[in-house]
Structures are given as structure tokens and as C-alpha cells.
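Chemist: Before anything else, here's the structure in question.
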Amino acid sequence: MKYIRNFSIIAHVNHGKSTLSDRFIQICGGLCDREMMSQVLDSMELERERGITIKSQSVTLNYRSRSNEQFYQLNLIDTPGHVDFSYEVSRALAACEGAVLVVDAAQGIEAQTVANYRIAMERDLKVIIALNKIDLLTADINRVSKEIEEIIGINSNDIILCSAKTGLGVLDILERIIIDIPVPQGNCDAPLQALIIDSWFNNYLGVISLICVKNGILHKGDTIQSMNTGQIYIVNQLGIFTPKQVQRMSLNCGEVGWLVYTSKNHRVMGAPVGDTLTLLINPAQKSLPNFKKIQPYVYAGLFPAGSTSQKVFADALYKLSLNDSSLHYESEYSEYLGLGFRCGFLGLLHMEIIQERLKREYAIDLIITTPGVMYEVLVVDDQIIYVDNPLKLLSITGIKEIREPIVLCNFLMPKKYLGEIIVLCVEKRGVQVSLVYKADQVMLTYELPMSEIILDFFDRMKSISNGYASLEYTFNRFQASDMVCIEILINGQRVNALAVIVHRITAEFQGRILVNKLKSLILRQQFDIVIQAVIGKRVICRDVIKQLRKNVTHKCYGGDVTRKKKLLHNQKIGKKRMKQVGKVNLPNSVFMSILNRDS
């Protein structure tokens, strides 16, 4: 065990984590030159297209130290950098004794850099700072080193200068990992304790779990059980990633590897992420600390746009939730959209990734309702009800107050963009908490309603700061607020899929946007279509799509005018009858257009 090192690479998005992983793999001979490509550990096509890491990936490398010529087993976990996937970082660090914090020498310290450093410190990990991209013409080593000293508090003499692209300084990082990162603390002779870090579904093998063996040894063919659920499994296969999936006969204490296991109850497909596995014979007395259960920030209804059955859709979501434990879902029914699921996400990017994965991996096209947040509702008997759906809010009677989620937002930006960012925060009903100048950067903290930052806040922040401002946020508390539910009525019929919860200040503006969108999308009928946005019984916005009208008098070329009047009168009676029995059918294309955030 003294020759094993477990570590993660953490950083803000696009600071070079995956490129550094590539260099480690190349130097340690994990792949030959013919097999090497950029972003080796980003196995999803979606990750390569977007240029970001979405899922944490593990690789076991053998490195021969320059100092003592000894071979070391390095278990590396590459992690995402986007704020929506910070839960992935937390899970990856649970299997490690240290971390390499990568900082872009041109961009400098950003919000998620600080957030990931705090996560590592909370777990009492040894952190090595690597200043990356020093080969860029825009790199400012002195400025960024000063930022690291003032914001993070690490001496600039301890910073390793490197370029993951060219390989400069990468060997120095590997040597520092061997020297600074502690040996895994465990006992090979103790009862087995293996922590499940991640799981995913394979069409041929079933559920595959990524595990870290904290104590004991796990062999192929062992009978194991979940310490949280008590479910019993048989180990079919196990091994390591090099990054190729290599089978082995056992995983020893301190190692990180993969595991294929099946239950006698075929309906049970795997133990949950964060669970502890132990042997059925000679089990461990207590489980390892579980991951903190994360609460979704953003909720939306997902409905299949095509002919996908509810069973197929539910099966796809279940398989995705194995791979992404932060995805929450429950059944939901809409009069217009049919059966679907109410899903919880960590942010809008997380929602987009799930939507794209359902489309690519399971061929399911979706209609997604307007994203919202979880509200806390206090009713007259002082009972608290949590609401993530506008329709659920409408069904509650005796409401005393509605409380919206407030998040603590930490901004990091150059000084010259401070004024415009403050204006944006004030516009979004923000309250300033602190303002600190560090080196050439400003650390600004605001309390903001979660509902105000889930839609266009990131885009506007990046636009006004030319991409230099960064944001990291965490849930703070629920706060009483004047929230209302806007409903859409079409000829008096409620369209529940378009209901939305907003602040009363913006209700009229939001209602007008919805009504105008619907007016531009709904085709004219042979009767008037009245579109209304209402709050309770009060109409806040109204518009009419005028009827198509047939020229019933075209055959009357002369004669008595009463003939024309009679035809027009009969048409009027027919239109009135048609309006009473006629129904406006909204096709899926209308919902897809009106619920598209980019439209």
C-alpha cells in the first residue's frame, strides 16, 4: 500500500484538467501514441462536443519515480469543473487522499477554483497547486501567483509551473504527488469495506460500479452485501481502468477499480452510489460515511414528444439515475402533454445534458416545461409544504406565506466589471453581503433568489464581463416573498403545462410574453380564440386571435339586401355554436416552441 497514491484533478471549467490527465496517461504508458487522443477520459460524445467534463472518470497508472526508481500505482480521478457538477467533485474526493488544483495562468483564480479548493480542505486532503497554460502569450504568472497567495493562501514557492499541452512541468507534478500525497489509510487484513463512488449501466454487463477499497481485499466470485440495503450480490467481474477496462482477479486495499455484480433478485440492479459493500462472510461492523444527499435546485416536467411509452421512458431515466445520482424524478400527468416525469436537476446545464443524453442514448425526444425551483409554503395550521410544481401550489388552500429559495452567490471578477455586475444583481432582487478586493480581482458576495439565476443570469453575467466574471453558488435559506402563479387560459380552458410561478413585480411582464408567444404560434380557427394570463380570478393580460371568415355573400350579385343579411345572420349563429363546442388543440410543436428558452 505504501506505493499507492489516490488523487483527483480539480479546477474551474476549461482550466486544463482533462489535458493534464492526457499527459499523465501518456507519460505513464497507459496508452500507446497511436491510441492517444485529446480528452481521453471524456468518454461521452457529448463531453467532447462541449469541451467539458460531465462525469468523473478514473484511471490507474504505473509511474516510475525519478528520485528512487520505484514504481508507484497512481489512481487518478478526473473531475468536472462546472458548478452544476460540483457533486461529482465531492464524490471523487471521497476516494482520495490528495488533489491537484489546476489554475489557468491566463484566466487566473475563478469562482469554482475557490469552491473546489474548499471541498478538498473540508475533506482534509493534501492540495498541490499546478499553474497551467504557461506557454500562452496571455499567461501572467506573477499576477496569478499573487492571486493564489491572497485568495487561496498558498505560498507562491509551492506552485508548480506547467503546460499540460506541451508536457512542460508535468513530471514535476507526478514527483510532487508521490512525495506530498499520503498513502491510503487502510488494513488489508480487516473486513472488506468498499465505497461505491459511481455506477452506470452497460447493455451487455448490466450495472458497473466504480469502487474504492478502503479496507480488506475483494476477489472475483466473492459474495458481498450492501451495508445500507442488506441486498446480497455475487462479484462476476472486477478490474481497473488503464484507461482501458482491464480485468483482474482481485482489488486490494487502497485501490480504485470497477466491479460487475448481480443480485439473486434480478429486479435489483445495483447498490446505490455512496453505499458500502462488505463480504457476506466476515462482514465489517459499520459502513463508511455516506455522501451527503444533494437537493436539486431546478425542477421541470419532461414529456416524450413522440410515441415513446411511459415504461420505456421510466426505464431510461432509471438507467441514467444509476450514472447520475443527483437526478430526481417522479411521475406527472398533463392534460395536454400526457404522462411524463417531474425531474429535479442541479442546474440548467445539468438539465440540458440529461435531455441530450436521453435523445442520443435512448432516442427519446422531449418537451420540457418551464424550469422552476422548490418553494416552501406555510399554511394556516403552520404546516410546511414543499412545492416544485405550479399545479401543486394552486391545489393548496389556506396559504399564509410562500417562501422562495435564496442562494449565496460568490462572484470573482476583474475590478472594472464590478459596477455592471452589481447593477445586474440589483435588477434580479439581490442583496449585497460582502465586497473584498484581492490582488487585481474582486470577490463579491450576494444573496439572490434562485428563481432569478436559473434562466438567463449566467449568459448576461458572461456578456457584460466579456467572459471574465465567474460565479459559484450554494443554497442558503428559504425567505418569504410575494410569489404568484400565472395560469394560461385558451377560450376559458386552463393549459396546466404553461403555468409558472413568478414574483408579483414581474407577473404582468411574464404574462404578456406568454400570451404574445401563444398568439404568434396558434393557427387561426373558424372562431375567435381568446388567450388570457390570469392570477387566481384576475386577468392580467388578454389577447384574441381573430376567426377565419368565409365570404357567404359571394354568390349574391344583386337583388334584395335582406338576402345578404339573412346569410350573414345565419353565419353569426353558426360561429356562436362553433365557439361553444369547438376546442383548440395545441400540437406538440407549439409547446416545444413556447418552452424553448432560446426562442
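Glycine too: its Cβ is placed from the backbone N, Cα and C atoms.
The GTP binding site feature in Swiss-Prot is assigned to Asn14, His15, Gly16, Lys17, Ser18, Thr19, Asn132, Lys133, Ile134, Asp135; the stated evidence is sequence analysis. Summarising the annotation, Swiss-Prot assigns domain 'tr-type G' to 2-185.
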Chemist: Other Cβ atoms within 10 Å is the metric here; tell me which of the binding-site residues Asn14, Ser18, Asn132 scores highest.
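Modeler: Max Cβ neighbours within 10 Å, all protein chains included: Asn132.
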Chemist: How many neighbouring Cβ atoms, not counting its own, are there within 10 Å of the Cβ of Gly16 (GTP binding site)?
Modeler: 24
Chemist: Starting from the Cβ of Ile134 (GTP binding site), draw a 10 Å sphere and report how many other Cβ atoms land inside it.
Modeler: 20
Chemist: Summarise the model's confidence over the domain 'tr-type G' (2-185) as a mean pLDDT value.
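Modeler: PLDDT averaged over the stretch: 82.
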